[in-house]
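Encoded as structure tokens, the structure appears first; notes follow it.
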Amino acid sequence: MNRQRLTPARLGPSDVLRTGAAGLRTRPARVVLSALGIAIGIATMIAVLGISSSSREQLLRQLDRLGTNLLTVAPGQTMFGEEAKLPVEALGMVRRIGPVRTASATGTVDTTIRRTDRIPKAVTGGIAVQAATADLLTTLEGRVVKGAWLNAATEARPAVVLGAKAAQRLGITRIGVQVWMGERWFTVVGVLGPMPLAPEIERSALVGFPAAEKYLGFDGHPTTIYERSAEESVEAVRAVLPRTVNPENPEEVTVSRPSDALAARAAAASAFTNLLLGLGAVALLVGGVGVANTMVISVLERRKEIGLRRSLGATRGQVRLQFLAESLLLSALGGIAGAVLGGLATAGYALSRGWPPVVPAWAFAGAVGATLVIGTLAGLYPAMRAARLSPTVALATT
Amino acid sequence: MSIPQPEQPYVVELREVTKDYGGGVRALRGVDLLVEPGELVAIAGPSGSGKSTLLHLIGTLDRPTTGTVRIAGHDVAGLSDRELSALRARHLGFVFQQFHLAPGVSALDNVADGLLYTGTPLRARRERAAAALERVGLGHRLGHRPNQLSGGEQQRVAVARAVAGDPPLLLADEPTGNLDSAAGAEVLGVLRDLHAAGTTIAVITHDPDIAEWCPRQVRVRDGRVVADAGAGAGRRPPGANPKLPDAETAGAAKGAPR
Ligand SMILES: Nc1ncnc2c1ncn2[C@@H]1O[C@H](COP(=O)(O)OP(=O)(O)OP(=O)(O)O)[C@@H](O)[C@H]1O
Ligand SMILES: [Mg+2]
């Protein structure tokens with residue numbers, strides 16, 4: 001007997017793709033509609049991930065610009081629960097710490113700032129009056145938007161520099177204006193720009209230490225010391241600050257790093273983001289069911305084609321592969337469209353907010369993975385049905 | 001280790017073949033049929049006599065309930081689905097009453113896709129498809145889609161698809177059943193040329209003229225072979241087309257522009 005080996009030819013990847021695509025080409029409307037569900041799901045997930053990473057990127061870049069080497073020192077509480085005070089000489093001690101590059105201080109002055117003496121004392125507008133050392137602006141890397149910062153001459157005179165919010169609340173838009181502080185008039189000599197790392201300065205009216213002592217009864221005790229050191233020695237400095245500032249009662253000193261708040265915001269994923277991600281996943285699931293439905297119908301409609309292919313020598317496996325490829329192509333089409341849409345939505349939203357548009361690469365990888373998994377799952381059952389069809393039954397269908 | 005095998009003389013070898021369908025239908029009741037290489041066999045008989053069932057068994061699209069089916073020396077009973085598929089891809093060509101062409105796909109690609117499962121690369125598939133279409137007189141219709149072709153032309157595309165891979169055995173189930181006599185003659189002309197070139201052909205037909213035109217006629221009734229005339233007549237070519245005065249006219253018809 002002739003036992004010549006009968007082995008079916010293997011289909012190359014391009015032939016598998018061709019047979020898979022053949023079924024889609026003739027039904028474009030159905031392809032678009034059933035790929036749409038997947039496209040919406042993928043687009044939602046990419047856009048949600050993209051927008052939240054763009055906002056995070058924005059915060060990280062801001063952190064980068066502002067630096068994370070700023071520490072603030074403030075008095076805590078005494079053992080008896082009273083407000084502690086920083087010693088008058090604390091600032092000088094901080095400046096003597098080796099790695100400290102620049103340090104400056106503010107001290108709360110117990111008075112108010114008003115446009116005129118006729119406005120009642122109680123109406124402070126939430127503006128704090130503070131004494132500030134002359135190098136405060138250098139330490140905070142802040143900017144003056146109008147007029148000038150305090151100098152050796154003005155820090156001893158009845159002159160005041162307003163933080164951005166303070167100026168806004170007082171309705172002051174130009175310098176040279178007189179404001180009522182304590183029991184006398186001060187002249188506004190400057191207005192500061194925004195200070196993301198020291199929002200309390202934005203809400204302050206700042207006078208020089210000598211002027212505060214002379215005109216406003218300031219006791220000379222700093223209430224906040226701002227300090228910058230080299231980035232790599234921040235932790236070391238942080239460790240020695242309490243004992244340096246208050247050798248007798250180091251536990252009455254609190255040290256904090258304002259950039260930590262920004263970093264925490266960057267790290268947090270909001271509950272809203274998770275909710276939207278869940279919605280995207282549901283859309284994706286519904287899209288997968290749509291693809292499966294389309295594939296089942298496709299197999300039913302194409303029984304004759306299946307029979308013909310079997311008569312031409314297609315094995316069951318090759319028929320199965322054809323319909324799996326078709327299902328994968330269908331969901332890949334939706335996935336690609338969704339990724340493009342999601343990318344565009346991210347770019348549009350981020351640019352409208354002035355953020356850098358960022359979609360993490362893993363989100364795209366996840367989208368590819370999700371579409372492959374969905375395409376396979378949706379195609380598996382229809383493909384098995386197609387492969388199980390007997391060639392004669394398939395051909396006999398009219 | 002293997003001893004040289006004697007050459008297998010039969011392309012088709014059916015011995016005591018029966019075929020039952022569900023519900024107590026016995027479509028074939030003990031059929032013996034031997035077909036030698038190069039024969040052109042008509043399988044004729046009334047409707048429901050089991051002709052299509054017989055052709056499906058010969059074409060390995062189905063397995064017999066009992067009996068032996070041997071195609072090109074391979075016992076079908078001992079072959080897996082993969083092996084049967086390989087056998088169909090390499091040894092068999094099918095032509096159906098309905099043409100089963102893919103809509104919206106050019107004649108060339110319809111024929112080329114018929115070679116997909118033979119492992120031929122795409123370029124070679126297209127070349128062989130063009131040659132096969134040339135052979136059936138459709139060299140000038142390569143880019144036409146099925147809806148741009150007449151019924152006779154569509155069936156000739158289907159024949160080209162069946163023979164593009166040069167299978168030793170061509171099976172046709174009422175290839176002219178959906179065609180008028182002129183279009184049917186075009187298709188028969190192609191079958192005659194293939195037979196002359198050495199292809200073994202089995203044609204199912206209702207039409208006594210077509211059956212007479214074939215060198216050998218197998219008559220089937222109630223699932224049995226009741227007459228077998230001209231067996232072993234081998235490669236004797238048939239005469240002119242039954243429906244046309246002479247071969248010249250048939251030749252002219254198949255190449256005629258429309
Ligand atoms: N899949 C099937 N299931 C059940 N019975 C079947 C099936 N296919 C064919 N039959 C029956 O088997 C018998 C033979 O059918 P077959 O199709 O082989 O006849 P045929 O000679 O080709 O007829 P026709 O000339 O009308 O095509 C018929 O009685 C038919 O009803
Ligand atoms: Mg029939």
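Residue 1 is the first one shown; counting continues down the chain.
Each Cβ is built from the backbone N, Cα and C atoms, and glycine gets one as well.
Under the heading domain 'MacB-like periplasmic core', TrEMBL lists A:32-216.
Broken down with DSSP, the domain 'ABC3 transporter permease C-terminal' (A:279-391) shows 99 helix, 0 strand, 14 coil. The domain 'ABC3 transporter permease C-terminal' annotation in TrEMBL covers A:279-391.
The transmembrane segment annotation in TrEMBL covers A:31-51 (among others).
Under the heading transmembrane segment, TrEMBL lists A:275-300 (among others).
Look at TrEMBL and you will find A:321-349 (among others) tagged as transmembrane segment. Residues 11, 16-17, 19-21, 23-24, 31, 34-47, 50-51, 54, 287-288, 291-292, 294-295, 298-299, 309, 314, 357-359, 364, 367-368, 370-372, 374-376, 378-380, 382-383, 386-387 of the same chain lie 6 or more positions beyond the ends of the transmembrane segment (A:321-349) yet place their CB under 8 Å from a CB of it.
Outside the transmembrane segment (A:361-381) by six or more residues, the chain places 38, 42, 45-46, 49-50, 53, 284, 287-289, 291-292, 295-296, 323-324, 326-332, 334-335, 338-339, 342 with a CB less than 8 A from a CB of the stretch. Annotated transmembrane segment per TrEMBL: A:361-381 (among others), in sequence order.
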Averaged pLDDT score, the domain 'MacB-like periplasmic core' (A:32-216):
86
Near the transmembrane segment (A:275-300), which same-chain residues lie under 8 Å Cβ to Cβ, leaving out any that are not at least 6 residues past its ends?
23, 27, 30, 33-45, 48-49, 306, 323, 326-327, 330-331, 334, 370, 374-375, 377-379, 381-383, 385-386
